[in-house]
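J.: Let me give you the structure first, and then I'll get to my questions.
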Amino acid sequence: MYLAVTGPAVTGITIVAVFENRYLLVCNHFYWKKIRFPYIFLNYLAAFLCFIHPILQAPDQNSGRLELKKNFPCVFQYISISSIFIFPQDTVIIAIPMIFVIFLVIVQATIVILLIYHRFYVDRFKVSENTTQMQKRFMKALFGQFLLFVSILGVPVSIFTFSMFLDDYNQGLNNFCIIILSLNGLVSTTAMIILHQPYREWILACFGKKSRRCSVINVL
């Protein structure tokens, strides 16, 4: 159960690490190279630790399952009672770590994207028109990845969080959110191939299709 609730948090931090790597490649900041590994380590540490307290506060599972069976008897017509893990009844204990992870990931990803955009904006008069167009395509791909992350991970986790605060239980909505979360790997990989040309060219090469490349000839 710990891995199940920690998985989305670690996935979010992994996406932040991908964006951070893009920032490092684009900006090549000397001082950032010195602190990036502690920065990434602390992010992963936060993701792995944030749900330890809610898990430790879980009630006795046998009594909790009996209480759940009394309140929601229809649930056990479809699933085994032994397969259910009972979380603490205080929703704040669970919701606060989820809000913390959402805030941590979205804020960091937004800052990295803005830093990359600022670097491109500052250097816009120092590069050629072709480079400017490449930078625009890069920013569009990066922004597309960010929106995809918010849609696939941020929205379902936010729905879970606010459902706890509102004390609202909707099995259909919960199932839909779980399906969306489970598609994260497939959708993210497909988006990477579609949005980024190097990945797309490599995949096409694996299938024996050569991508069209432009040859540049310098005339002296």
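Every residue gets a Cβ built from N, Cα and C, even glycine.
The transmembrane segment annotation in TrEMBL covers 6-25, 37-56, 92-117, 138-166, 172-195.
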J.: With the transmembrane segment (37-56) as the reference, find which of 6-25, 138-166, 172-195 contributes the most Cβ pairs under 8 Å.
T.: 6-25
J.: Give residue numbers and ranges for long-range contacts of the transmembrane segment (172-195): same chain, 6 or more residues beyond its ends, CB-CB under 8 A.
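T.: That would be 8, 11, 15, 140-141, 144-145, 148-149, 152-153, 155-157, 159-160, 163, 203.
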